[in-house]
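Student: This is the structure I have questions about; it appears just below.
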Amino acid sequence: SEGGSSIAQRFAQLQEENFKAIAMVMFAQYVQEGSLGTVLKMAEDVTALARSCAAGARDNPECLKPLDRILLDAACQQENLPKLSECCAEKDPARQDCFLSLKNSSGGFPSPFDSPNAAAACKNYSQHPQPSRAQFIYQVSRQHPFLYAPTILAGAARYEEMMKSCCRATEASTLSPEECFRRQAPKVVKPIREDALRQEHTCGILETFGERTLQALKLAQISQKFPRADFGTVSKLALDVAATHKACCRGAALDCMSAREEILRYVCTHQDILSSKIQQCCEKPLLQRTECILTAENDDRPAGLSPHIREFIEDKGICQQFVQEKDKHLARFLYEYSRRHPEFSAQMLLRVGKGYEELLKECCRSGAPEHCRGKGEEELKKHISETESVMRTSCDIYKEKGDYYFQNELLMSFTKKMPQLTSAELIKFTKQMTTIGSRCCQLSQDKLLPCAEENLDLVLGEICRRHLRDPINPGVCHCCSSSYSFRRPCLGKLEIDESFVPLPLTPGLFTFHEDLCTSQEEKLQHRKQEMLINLIKYKPQISQPQLASVSAAFAIMRERCCSQASPQACFQTQGPELIKRSEKLLSA
């Protein structure tokens, strides 16, 4: 169901170039196996129709159809797409659902940065700038079939900037096009990757924990961002945002865009009651607003906001309210608590809300002791200091040890919790966590928790989605499916996975080659981390002193062999010796 705007209105609102680009995104996302030529032709046909509808071809019945139906009709007219014929035989809305079910995120389509030849890319761009941009949009859209279309257009604009600046063959520029691409490409790719990850993350929450959890999360986040807004306004926004995510996660691209624009329009026309910090965002073009508002700082708390909300514990009528309108009462508590605490992460606020719900469940029973609700405050203090100390301890370790050794600590911990993951996965996830350390640990105390826990939530979400594709172990299964807000503490408390059968010591488990003599620190660290992972998978119960002894023995051997004329020969004799000694040490 398209949000009430006709093809002519859409065309007028977006202007031709954007309209055609968005049509391309949609076709490439819906019809992933279509060639660039097919996608371009469909986009051109629909744009031509939109142009004539906007110019006043009022009597053309095509102009009156909802836009998503027009797009699917165009796709169904293509001869050479056999996969679609089953969907095209269906009637709407079943047809749209069928199309959505074909979208595949793990298609392994080529990325726009797979072609490394800079000279050819520049030549191609200088001769055909438009097709070069179209190719970019096509490739990214196939790669990310659920991604918000304006995000892809923003990426295309950054891609064009990069092509212009890197391909200018001026004498003044000292950078070769290759080097220029290498530096600029991350600026183009990163926002797309991050947005795709955020989107998958939110959809994962919706899928695993349901709409009520997502609504609560949005309520906490919006209350923090707009602390001056009243409860009615904040809860309306939270429900709208959650509903929008539902459309976006289904992959219904037009509904998703319309719903997002509706919310942006509402937010920007109600700045006076929402926030003083978003004026600049609202002056930007429509397609750039979302990103800006998401990253805008929280508005100042209203003067005279009491630091405590004792009435939620002390008022006489609390239990009656809780029984009569449970969800509304809990939502009001979450709103009042969140707007007072910008220094907490949203996940922590949800845990506080959950604690409050448990407290009322227990204390509102008949026969509950008189001062039952009084212990809520104690529980709350305990939980807050627990979370803060976990973060502080992690940051202390990070500041003391630096990136590499901090990552090694995480590797030891996570290899014990999740030995089923591959070395590459363990290194990737702990690297992301280390990056969070470097980003968040330098912030002031009031910014630390939101930064650390919100970002950690993204990584843990990725681990949980990996678990859904290919189950890891019962402990991870329990933490990933039982409670969203307690996912981090739950995974944090996991110990050694008892169900894992340690790796046997085969000749191939530890191999020592002259690549250990590399002078490239990063390569060496990577090799050492792979060995560390295998060591823990072989001996999950390894103690800190045992690990230190094995590491020291390895360092001595590496030093010795790398100073020889033939390191390889040295490793061949010394390697098995080291393994024998270590085995003895570990079985002690």
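Using N, Cα and C of the backbone, Cβ positions are placed for all residues, glycine too.
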Student: Where TrEMBL annotates a disulfide for Cys372, which of Cys363, Cys364 is the other cysteine?
Tutor: Cys363
Student: According to TrEMBL, the disulfide involving Cys249 connects it to which residue among Cys180, Cys203, Cys292, Cys319?
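Tutor: In TrEMBL, Cys249 forms its recorded disulfide with Cys203.
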Student: In TrEMBL, Cys570 is listed as disulfide-bonded to which of the following: Cys561, Cys562?
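Tutor: Answer per TrEMBL: Cys561.
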Student: Can you tell which of Cys441, Cys477, Cys479, Cys480 TrEMBL lists as bonded to Cys464 through a disulfide?
Tutor: Cys480
Student: Among the disulfide-bonded residues Cys166, Cys249, Cys363, Cys441, Cys561, whose Cα is within 10 A of the Cα of Cys319 (disulfide bond)?
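Tutor: Among Cys166, Cys249, Cys363, Cys441, Cys561, the ones whose Cα sits within 10 Å of that of Cys319 (disulfide bond) are Cys363.
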Student: Let me check the 10 A CB neighbour count of Cys281 (disulfide bond). How many other CB atoms are there?
Tutor: 21
Student: Which disulfide-bonded residues (Cys166, Cys281, Cys395, Cys490) fall within 10 Å of Cys268 (disulfide bond) by Cα distance?
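Tutor: Neighbours among disulfide-bonded residues, in sequence order: Cys281.
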Student: Find the one among the disulfide-bonded residues Cys281, Cys395, Cys479, Cys562, Cys570 whose C-alpha lies closest to that of Cys364 (disulfide bond).
Tutor: Cys479
Student: On a C-alpha basis, identify the one among Cys281, Cys363, Cys441 that is nearest to Cys203 (disulfide bond); the candidates are the disulfide-bonded residues.
Tutor: Cys281
Student: In whole Å, how far is Cys363 (disulfide bond) from Cys256 (disulfide bond) when you measure between their Cα atoms?
Tutor: 42
Student: Are there any residues at least 6 positions away along the chain from Cys53 (disulfide bond) with a Cβ closer than 8 Å to its Cβ? List them or say none.
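Tutor: In sequence order, the residues whose Cβ lies under 8 Å from that of Cys53 (disulfide bond) (at least 6 apart) are Ser6, Ile7, Ala8, Phe11, Asn60, Glu62, Cys63.
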